[in-house]
């Protein structure tokens, strides 16, 4: 064997020289070679195509991994704002008296950060909820998505915890959310404000390794943002104890119940000390949500913001009628003309296939659903936020965590199954008072049932024949296109005096015949 002299390389008689051995190592590992023949670690590739720990490029070209600090210490969030001396100076110079939040009991250090970010006036839900929450009352709030609910419950929590620190593994506040994406969104919104008060936030959710979450809880967390399943697991392992919890907030409580988390959430609330403060915010207050209210909230202050939210007045609603074999063609044109769109499908496989089809057609698209790993979901969302992807194709469950400003259009590629689902999907656009368009792509056979669903949702939508739209399919061209008139036909007889069970008559003409591709049926005109 060859011995190695630290002062100058190989001292033995092995036929492989030091530089030759390094050359072979470099060739095998596929990375660039240093001038001295050694393997260069910076910017190298891993054989499995994943990110290198040193931030190198992946083989699939997805770019560099965001800096996450020392992993042994838990790292820092990839999206945390880097130190900016000018921003620090602006925060120090901001006068809290110029913000309406100052008079609501929000700490001045938090008011300054909000002011520098341009947040000086509360939204209606914030103006209603914050005073009661800071006073310590239980709160029951109904408000639509995008109305500012996160700060409505987050600011009172931070104000309540200000001035004290939690013991290891004993948080003093819980924020329970239905999805991993929403947990990240809440943390991103509140963590800079918590740091100003020297409060520590930890996010725990499934699909991520336990060890990092456990280490951060061991060091102490004042606020834990969690999905119910992972939080319950950590409690069973003795890692997280709820004996010191002073305040609990349930965000999107209706969706928590829709996903079947009611029993777990009920147990978590029962495990917190009696007399603690509870805040529940939801788009709807029926079913299991009502059970949670009756079991765990004590004389809550009730706030119903925009009770007519079902009409979604800041959105324009359209039903784009297409032939079953022209759906993808029309969808591609729609997405080319409307970047920054979120598309909904009924199934996970459908989301993946549609995203791939759009990519093949030259539209930068990513998918988002529960079968993807958390790393891939975060990467895809980041691509959409940064503008590298123009379209997100998502399932209902995954999309509840998408809180991205500037989404101009929501498209129901597969029509929603119930009014609540339609409203939740549509709420991804027209956020915080902005306007947006909602388009349901439907075949003639789907239109009638869709009309019933929209009526129950309190929405008035215009049916538009895809062939009647002039030029690119945009909100403006849809608004200018003539409304489609339904043509009812009598059911065709099967020959024995009864209607044909399999064909009750086509409600629209031009839908094509048989199972072949329809001739001119609801496709786009080729002028």
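Using N, Cα and C of the backbone, Cβ positions are placed for all residues, glycine too.
TrEMBL has this to say about the protein:
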type: COMPBIAS; residues: 24-86; note: compositional bias 'Basic and acidic residues'
type: COMPBIAS; residues: 511-527; note: compositional bias 'Gly residues'
type: DOMAIN; residues: 99-127; note: domain 'DEAD-box RNA helicase Q'
type: DOMAIN; residues: 130-303; note: domain 'Helicase ATP-binding'
type: DOMAIN; residues: 327-479; note: domain 'Helicase C-terminal'
type: REGION; residues: 1-86; note: region 'Disordered'
type: REGION; residues: 470-527; note: region 'Disordered'
type: MOTIF; residues: 99-127; note: motif 'Q motif'
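Beyond its flanks by at least six residues, the domain 'DEAD-box RNA helicase Q' (99-127) meets 87, 90-92, 134, 141, 143, 147-149, 151-152, 155, 158-159, 162, 192-193, 196-197, 281, 303, 305-306, 432 of its own chain at Cβ-Cβ distances under 8 Å. Residue counts of the motif 'Q motif' (99-127) by helix, strand and coil are 16 helix, 0 strand, 13 coil (DSSP-based). Within the model, the motif 'Q motif' (99-127) carries an average pLDDT of 93.
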